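Engineer: Structure incoming, see below.
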Amino acid sequence: MPAADRRDSQEKGFLSRMAGKETRPLAGRGTHAGELPGAEKKLHEAVCVLLVELCERFTFFGIVCNMILFCTAKLGYRGYQAAMVNMCFVGTSTLTPVLLGWLAEHLVGRVRLVCICMFLHFLGTALLPVVSFPFEDVHIDRRHILLTLPKREQKIVFYFALLTASLGIGGIRAVVCPLSAYSLEDCAPKELLSFFNWFHWLVNLNSAVVFVSISYIQQSVARNLGFLIPFVSGLMAMITVHMVRGEMIYKPKTDSSLLTTFGVIFSALRTSCARSRYFSTGCWLDLAKENHGGQYSESQVEGTKSLTRLFPLFTFQILYRTCIMQIPSGYYLQTMNSNLHFSGFFLPVAAMNVISIVPLLILVPILECINSWLFSSKDTGHSPTIYIVVGHLCAALSVMVAGFSEIHRKRFPQVEQALSKEVLLVSSMPCFHLAPQYILLGVAEALVTPSCFLLSFWLVPERMRGISMHFLALFNGAGCFMGALFVQTAHAGTQGSWFPHLLHEGKLERFFFFLASLMLVNTLGFWSIAHRYNNLYEDCTNEFRGSLPGEKLLKHEKTTKNYNAVLESSPILSPVEKT
């Protein structure tokens, strides 16, 4: 029968196209003779990228963990100045991958930029030990030698080392181990959320090791050699990159860029201002299209439109990131001014950060079980916006608890405590009384960061995912710098009362209460628009499920059955035509 044969041939053609689409090699990684099989090669590349990521994070956390103590004890900074330096370094390390990723694509080239960034990474981590190296009396063969650097030169070397290290960190993150290198293009929401959860879990496990080991070495065992550990970690990362350079230099698709995105936005703004009238035929970004007098194609403008829908989400992350930055700034100063003795053992200051990491390490497996149960149903699963709302609320509560803890801490009598050979007057309150605020921020990080990664990655077209992650990094970096701005403004505006150098003489709790009130307003603001992202998430998930080969075949079979039913029940066709 010709109709049946035609339907069979159409189904076979459809299946062959789907099979061809499934077996198409991933873009960005070529195949060469003598290489490992596909599965082994992908596993080898993923393990190498992950090792470089962990080595780089080891270096980063090693620099951050005791920077405030180093700045106050060695460089003579006041507490608020050291907190600002730490937050600015974190913010710079967050923004540099965006800048260096653009340089790699348009000016320098990826391989050349990796070599430059490895050198900068090596130089920065090598200069940090120069800043912290003895500067104490050294005895060689009964001769007394004093190795000193003037404070001004010491600070110049220190800032130059931080800048070069952050540039090296940014280049490695942008070129060697971006999220695109993990081949996430064909993953469903469940697999994406699982990947982001476990990736965040591994990074924080690495940071827990750093905060326990390096902070103890820097503070108690070998104070002058503490920055050598980030240097060794950076050297390990560079050796790993050199060994597998051919496979790890990921080459993403080049059909979109930050310049194109900014160009679409500015072109639409310029055109709308020049016309000085309301554009009523659609979104204002449509003014950048070629058919409306702009210079950008339909796909470029539509991709930018999908990205701008995420700008409210990114904006609400700025203040959240400012709260997270209290761990290496305000919370660190609170811990440093508390009693660090525990059962005859002197705790490192940065070891308290582990308390904020433990809830994350516990929650991720629990969240994985919850997500597996929710995604096992036949509906579109659940939107992660509820996780973000709860996480923001936990961050606000954490900062509020920090304010009450500060009031509680100042009620204890003061005792002397030695930190890096500096004797300080601190509260006799045990530092573990500060644990609740650390735990709440750890819970917030476990809920918010993977969910933001998922929404930023999932709610935009595939070609815009790298740009979306860059914008998320831009807003996170803005949150770090906003934290530094808040500290400077609070100190200057209150004449040192809200963020004092000596905590027992000031009102640090007022700064925490002010930040908590802002974060509560921020949480309510995001909750009011969360339904938009719920709808977008459901639409994108339904679209993804509809594009799966099995779903397409099921729809094709249903259409064929309906067509046959129409043929059999149609009164227009004669019995001869039906046979």
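Placed from the backbone N, Cα and C atoms, the Cβ positions cover glycine too.
TrEMBL feature annotations, pasted as is:
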| type | residues | note |
| --- | --- | --- |
| TRANSMEM | 84-104 | transmembrane segment |
| TRANSMEM | 110-135 | transmembrane segment |
| TRANSMEM | 156-176 | transmembrane segment |
| TRANSMEM | 198-217 | transmembrane segment |
| TRANSMEM | 224-244 | transmembrane segment |
| TRANSMEM | 345-364 | transmembrane segment |
| TRANSMEM | 385-404 | transmembrane segment |
| TRANSMEM | 438-459 | transmembrane segment |
| TRANSMEM | 471-491 | transmembrane segment |
| TRANSMEM | 511-530 | transmembrane segment |
Engineer: So if I exclude everything within five residues of the ends of the transmembrane segment (471-491), which remaining residues of that chain have a CB under 8 angstroms from its CBs? That is, six or more out.
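Structural biologist: Distant Cβ neighbours of the transmembrane segment (471-491) are 80, 83-84, 87-88, 90-92, 94-95, 97-98, 307, 310-311, 314-315, 317-322, 324-326, 329-330, 452-453, 456, 498-500, 511, 514-515.
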Engineer: Count, for each of 110-135, 156-176, 198-217, 438-459, the Cβ pairs lying under 8 Å from the transmembrane segment (345-364), and report the range with the highest count.
Structural biologist: 198-217
Engineer: Count, for each of 156-176, 198-217, 438-459, 511-530, the Cβ pairs lying under 8 Å from the transmembrane segment (110-135), and report the range with the highest count.
Structural biologist: 156-176
Engineer: Sort out for me which stretch, of 84-104, 156-176, 385-404, 438-459, has the most Cβ pairs below 8 angstroms to the transmembrane segment (198-217).
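Structural biologist: Top-ranked stretch among 84-104, 156-176, 385-404, 438-459: 438-459.
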Engineer: Cβ under 8 Å to the transmembrane segment (156-176), counting only same-chain residues 6 or more beyond its ends: which ones?
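Structural biologist: Here the qualifying positions are 49, 52-53, 56, 59-60, 63, 75, 85, 89, 92-93, 95-101, 104, 110, 113-114, 116-125, 127-128, 130-131, 149, 230, 234, 237, 241, 248-250.
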Engineer: Can you name the far-off residues of the same chain, 6+ from the ends of the transmembrane segment (385-404), with a Cβ under 8 Å from a Cβ of it?
Structural biologist: 316, 320, 323-324, 326, 330-331, 334, 434, 436-438, 440-441, 443-448, 450-452, 455, 509-510, 512-513, 515-516, 519-520, 522-523, 526-527, 530, 533-534, 537
Engineer: Sort out the residues at least 6 away from either end of the transmembrane segment (511-530), same chain, that have Cβ-Cβ distances under 8 Å to it, and list them.
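Structural biologist: Cβ under 8 Å, 6 or more out: 312-313, 316, 319-320, 322-323, 326, 330, 383, 385-386, 388-389, 392-393, 395-397, 399-400, 402-403, 406, 486, 490, 498-499.
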